[in-house]
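Asker: Copying in the features that TrEMBL gives for the protein in this structure:
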- 20-41: transmembrane segment (TRANSMEM)
- 53-75: transmembrane segment (TRANSMEM)
- 95-116: transmembrane segment (TRANSMEM)
- 177-194: transmembrane segment (TRANSMEM)
- 206-224: transmembrane segment (TRANSMEM)
- 236-254: transmembrane segment (TRANSMEM)
- 265-336: region 'Disordered' (REGION)
- 278-287: compositional bias 'Low complexity' (COMPBIAS)
- 295-323: compositional bias 'Low complexity' (COMPBIAS)
Amino acid sequence: MDILAYIPSPSSGELELGPLPLRGYALCILVGIFFAVWLGGRRWVARGGRPGTVTDIAVWAVPFGLVGGRLYHVITDHQLYFGEGREWIDAFKIWEGGLGIWGAVALGAVGAWIGCRRRGIPLPAYADAVAPGVVLAQGIGRWGNWFNQELYGRATDLPWAVEIDNGVDSGTFHPTFLYESLWCVGVALLVIWADRRFTLGHGRAFALYVAAYTVGRFWIEYMRIDEAHEILGLRLNNWTSLLVFAAAVAYLVISAKRAPGREEVVEPGADDDDPDGSAKSASGSDRGASDDAAGKTSDSASGKASASDDSAAVESDAGGAAKPAGKRTGSAPTGD
């Protein structure tokens, strides 16, 4: 009996959730963003930052990243949207797939920089905290290519081949989306381990993520058979991987020499917060100090009054012309 050994592709790129269909590609992007913010938030707090800061900055970084990813894709694959027989309006249909990771990271960093600047936070420290989450989000987002039956590799009969029947190609092919997804998970684990082992700071954890990712991306690009621009026999993404890898390694080396170790403070004022992340109440502190002072004043006044009464009693017993002790006028002093 023959055993079917391949990964089947979804019959449709949409998931039916009640009356509203949800694109599988969009779902993968949303799930990836959620995990990136969640993991980044935990790492940020562990480094001494406030809870919620990563989410607040993500409000800037995520939209910028989506726009940047789409722009990179449309610019580098413009033939898919412009020219004879093409509809330029399709360039705005991001839910149908088509995001370039290079543009997403580049413009997303601009959005993160704006958010960090508004809060007085150094961008490298923020980038280090979110680095594993970002690459994990990439790994989750890659499954959107599976829903769309796109960006697969050369034909193969391996047991883990993916079945494609999209009207263009038919058969079983290398599941490059799966390869990259697993690679991204490995990179996330590598960055987390290296960050703990070597106390990476000043943007070096993010640089390690970029360098490690580009190594895998360079290899995976060789397997893909989708149409792409080539320069000197290499796909454009291969050249981009080489250049970005070199820049990331250079940053790692130079940064380690100029600023070894990790930032002592990643978010100004966070150390003054309560454990739940809220700022300590100045009025409550002042009130406590005032109560203590009032208590001390009251004790002092009581002590002086008692001593005066004792002195008067002694004078009376000695037969002197003591004045009645009970005729004191005015109130006891409230403080010295």
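Any Cβ shown, glycine's included, is placed from N, Cα and C.
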Asker: Where, among 20-41, 53-75, 177-194, 236-254, do we find the most CB pairs under 8 A to the transmembrane segment (206-224)?
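Answerer: The listed stretch sharing the most Cβ pairs with the transmembrane segment (206-224) is 236-254.
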Asker: Going along the chain, which residues at least six beyond the ends of the transmembrane segment (53-75) come within the CB cut-off of under 8 Å?
Answerer: 29, 33, 36-37, 40-41, 44, 81, 91, 94, 98-112, 114-116, 119, 121, 126, 129-130, 267
